[in-house]
Amino acid sequence: MANLFDAPQFIEDAPSLAVNAESHTTATQPAVIFDDVGKVFANTRGVATAALANVTLNVARGEVFGIIGRSGAGKSTLLRLVNGLEKPSSGAVRVNGVSVGELDERGLVTLRRRIGMVFQHFNLLSAKTVRENIALPLKIAGVPKAAIEKKVDALLELVGLSAKRDAYPASLSGGQKQRVGIARALVTDPDILLCDEATSALDPETTQAILALLRDINQRLNLTVVLITHEMQVIREVCDTVAVIERGEVVETGPVWRVFGDPQHDATRALLRTLVHDLPTDLAERVKPLHDIAQADAQILLDVRFTGADAREPDLGGLASALSVEGGRVSFVHGGIDRIQGHAQGRLVVSAQVRANADSTVQAQIATLLERARRYANHVEVLGYV
């Protein structure tokens, strides 16, 4: 697979193009800064609606930064501020050290040549071949034909479509169309790649392949990627950092492993629900509240969570031994442990037997279970008993 660093940077041959972003900023400064950004839209009757409010974020150079939220949360508006398709009503958006809102039309053209865009619905020209679709931005910029051909060939190899260079979009699968879109976005050697729900129109298998391609491109080219999505699985697979947006405000942000392992906001927990190991219906129907417990022998269900904050791996064997109070049975009935960015995290539902005797009540044994479980996990609570 080709490395674009091996190909000449043909964008320099195009007329009226700006100096590289490195002249405006340093490699240690964020690629994108949202500084207390607000965006207000007014309808035809002059009624104002706040799409974004008080958004402050830093996107580090070379990272994959994910923005997630439900439909209408403000994700697309936030993304459009980066390339100047929208201007902030308040605050500032800085890209490579330049305030986007202060640029004139010529400055915006220059900015957009350093920012690639990948769309949800591909936006390919049906009457042009794969090669022609990818080459279009360079052709418009006046780059020599020989240079265009060489660059397009390198990109086709990078995205795995060399055999499709003369095919038309109608003959391509959804995943192949998106690969063309990615190649086209990279043809001007951008510093930043914006992805607007780039996988939401794809099947799960194709989605995985496109996400792997985006991560490969990010690592090969040290390219800053900003993507928006409503799918937590996309964030989990490809992002380094995530920001959760709800009703126009960023309610939570941080490394993906930390946000997934210990979500702090209800909106984040709601979005994560598709990935969380909830109790199966048959088990949930059998669980009784703890205050109803009367028998001297019961199976207590504990919700045991690992956030990934600890350097050590979860010691499940030690946990099982610790919960065997008075020799009672212990079993893991549901859940699992996953790894995100090198951090082991997850949720387990553990069944532990308690039996009252002359020396200890059921309530005392439950208290012992909780105390012991908390030595091994970050969060533990009693779900009830069966």
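Using N, Cα and C of the backbone, Cβ positions are placed for all residues, glycine too.
So that you can see what the record holds, here are the features copied from Swiss-Prot:
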DOMAIN    32-272  domain 'ABC transporter'
BINDING   Gly69, Arg70, Ser71, Gly72, Ala73, Gly74, Lys75, Ser76  ATP binding site
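If you take the C-beta of Gly74 (ATP binding site) and look for same-chain residues 6 or more apart in sequence within under 8 angstroms, you find Lys39, Ala51, Leu52, Ile245, Arg247, Gly248, Glu249.
Ranking the binding-site residues Ser71, Ser76 by how many Cβ atoms sit within 10 Å of each one's Cβ puts Ser76 at the top. Comparing the binding-site residues Arg70, Lys75 on other C-beta atoms within 10 angstroms of each C-beta gives the minimum for Arg70. For the binding-site residues listed here (Gly69, Gly72), the lowest count of other CB atoms within 10 A around the CB belongs to Gly72. Secondary structure at Gly72 (ATP binding site), taken from DSSP and collapsed to helix, strand or coil, is coil. Summary of the ATP site environment: with the site residues Gly69, Arg70, Ser71, Gly72, Ala73, Gly74, Lys75, Ser76 set aside, the chain residues having Cβ atoms within 8 Å of the Cβ mean position are His230, Ile245.
The Cβ of Ala73 (ATP binding site) has Ile245, Glu246, Arg247, Gly248 as same-chain neighbours under 8 Å, each 6 or more residues away in sequence.
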